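Visitor: First the structure, which I've put down as structure tokens, then a few questions once you've had a look.
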Amino acid sequence: MRYAKAFLLVIISLAIFYLLNFRHGMIPPLGKFLNPFAGFWLNNTATDIIPRIITSRNLKDSVVVVWDDRRVPHIFAQNEYDLYFTQGFVTARDRLWQMEFQVDAIAGRLAEIVGEDALEYDRFFRRCGLIYAAENALKEMLAAPEIRLALEAYTDGVNAYIRNTNARNMPLEYKILDYRPKPWTLLRVALLSKFMAWNLTAFEISELSLTRAREALGESETEKLYPSVPPYTEPIIPRGTRWLFQAIRIPAKPISPFVPKSDTFLLSSEDVGRPGSNNWAVAATKTAAGHPILCNDMHLPLYLPHIWYEIQLATPSMNVYGVSFPGAPSVIIGFNEHIAWGATNTMSDVIDWYEIEFKDDTRTAYLHDSVWLPTRKRIEEIKVRGKGTVTDTVVYTHHGPVVYHHDEIPFDARIPRGSAMRWIGHDPSNELLAFLKMDDAQSYDEYVDALSHFDCPAQNFVFASVEGDIAIWHTGKLPVRWSGQGRYINDGRNSEYEWMNYIPREQLPHVLNPREGFVCSANQYPVDDHYPYYLGGNYWTFDRGARISEVLSNMNNIRIEDMVTLQNDVLDVSARKVLPSLLANLDKERLMLQERRSYEELEAWNYESGANLIAPTIFAYWWDELLHMIWADEIEKTYGDLTPPRTDLTIELILDEPDSEHFDVKGTPGREHLKDLVIKSFHSASSRLYEDLGSYGDDWQWGRARPIDIGHLGQIPGLGRMGLSKAGSEHTVNYKDTSFGPSWRMVIALGKTTTGWGIYPGGQSGNPGSKYYDNFIDDWLIGEIYELLYLESPEVKHERLIGQTVLRSIP
């Protein structure tokens, strides 16, 4: 019995040892996690202490980092190597896990961390060629000496911090997921650029859905319901702008449209979020101070740690402030002593799909212009935690990789099977050079020169300078297309469908100092009919751009406060345009009591999507029901694979074609008209409101009924901020979607002394235990904005400065 007890104690001890020191699924090894000397407790203690001295053999001179009360580092270095080394070091100190995780995600390496649940995710990104794209970009980057220096310095700084990590100071997520950081590399910086390029272009994948619509509805009807240029659009470049250049030859459109194989299609195409943004600049003649003001708010996915890291970078020849991407050198959006700049996504189509005909099942050759061309095969090795290595063969054509073959089920249902992906992001490029040049630019000409190095993702870069110039450029590497090219799946056998050339940089849409006294963009179509090139894309509805133009056109003596108010504007132009017509189709006296209350809310509504208002909730429910009733027939024809035409097209139909056949519900006796659907959808929406939200009351408020989530980047429960009440909608300047929103609001006043204001929904620290992890969110939700502390030197005394770190070179 004594030996049996001893044996049992040994077994229990081994079991406890196993449970405490090894990971079980997503449960971390609890012994390590709860260790009082190295576990998660230490992530809640002492992480916010500012180090006074840091030594490094990499440095050429001393560097001073001044920290302000929002934990923003202001880096003052004597040379560029030390500057970017320090940027890498301090960014890694605050955001190391985020830097590594987002790069691993785009590289298709999550299965190494979380196991086989991420295998198909990894396979998808390997198939899309993101590592291949980064390798091509890195070769281009290293060819420029200034980029090589910045890359190597930043990478050295990150690795210097990684060498200082141990079980005690390791970021919390490494402890939860039970792994350690790997050395930072130059390729990882290039991968980060492709992370952003993919996120800002891949939402554009609509060829499969539109091709199915054309098959079911015909091309004429498809073009009417899904136009390239949305109705009511006021373009970025003022109407009537004269283009004083000779356009290069535009290729001819093939005579007959290409019809892909039927097994190209899958059902239930997935709807994804669309990254947007607003930016504008107003001329000195329209401001109270007599100096230009530039504003930008970029609408991107919201998560913690936040996508941006705020920073100031200064050397004897440069002083720039703004936000950076954790993992890469430079400031991406910001200002210096001479200029300010911001960006919005152009929504340009830079991904096309080409159906491939292989010679046989070996996929070693494919047909192109009646010639069998050889394919290139790339072997991808995907490490899977606890399972070894999985190999995957990716077939490349001259168009690009074939992401999924006809006998495979895509991870992303929008991907056409048997098609090669032609993506601008695969081409060699050097966007980092554009940002480094922009950080140091001093004039309009230098801003334009910086943009000449920016290929993907195409952006609307707004500009203002202390010299009084304002401008905007719709810039990137954009193919010359025949009208409609790229909207549908292309014939990979026929060179008529290929990109033959690119729009010359100087011929891209742009304007300098327009007579209107302002420039602005909100992801809308950029030009009127006089522009000679077709710009394919999935452009935003008219509402945000229209509202910004409306306000700026009627405003003079503009102050900073006015621009902050405009960034927080929540007037829904779409609702203002269509709601009176909808209400006119209702007879208030024939409504039930609960419906009459909703009617009265809408009748009195000021069209603002305020967080505490009930009317926007009622309108949203009603509009959703009406959209479904109008477009159910068309969706059924396409087997549920098509999303309804967008708000602007539906509004145009309601206002201009009230007798349209689209209002008739097929399969019912008689013919329905707009009025019938308006009444029926109002009744249905009223019922849904009570079913979903209960009795009329506070739960009907817009901020509660449609909250936003700022989740954790790694989807770790408890590390995000969920169910937040916020004003705005998809149709207001102050944008709101369930997990998208203004990721960085910035207002810059350029004058003798440049001043700036900004905020993002997060915090500087990536440590969930830090008070700087999410401390900006509450102010961001209510539209507050912080004055940015733009320092001339580290010797400046200011009450908001809370500490200083000196990095010293040692032999």
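Think of each number as a place in line: the chain as shown, counted from 1.
Glycine too: its Cβ is placed from the backbone N, Cα and C atoms.
Marked as active site, nucleophile by TrEMBL: S277. The Ca(2+) binding site annotation in TrEMBL covers E207, D349, D352.
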Visitor: Where does D352 (Ca(2+) binding site) sit in DSSP terms: helix, strand, or coil?
Guide: strand
Visitor: Once near-sequence residues are set aside, which residues in the chain of the residue listed as 'active site, nucleophile', 6 or more away, have Cβ atoms under 8 Å from its Cβ?
Guide: N296, D297, M298, H299, L300, A343, T344, N345, S521, A522, N523
Visitor: I need the neighbours of the Ca(2+) site defined by E207, D349, D352. Which other residues of that chain put their C-beta within 8 angstroms of the C-beta centroid, in sequence order?
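Guide: So the additional residues around the site are E204, I205, S206, I351, W353, G486, R487, Y488, N490, G536.
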Visitor: Under a criterion of Cβ-Cβ distance under 8 Å and sequence separation of at least 6, what residues of the same chain contact D352 (Ca(2+) binding site)?
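Guide: Once residues fewer than 6 apart are set aside, D352 (Ca(2+) binding site) is near E207, H399, M421, R422, Q485, G486, N490, Y497, W499.
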Visitor: Taking the Cβ of E207 (Ca(2+) binding site) as the centre, count every other Cβ atom within 10 Å, in any protein chain shown.
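Guide: Summing over all protein chains shown, E207 (Ca(2+) binding site) has 24 other Cβ atoms within 10 Å.
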Visitor: For E207 (Ca(2+) binding site), name the DSSP secondary structure in the helix/strand/coil scheme.
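Guide: Its secondary structure by DSSP: helix.
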Visitor: I'd like the Cβ neighbour count for D349 (Ca(2+) binding site), meaning other Cβ atoms within 10 Å of its Cβ, all protein chains included.
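Guide: So the number of other Cβ atoms within 10 Å of D349 (Ca(2+) binding site) is 25.
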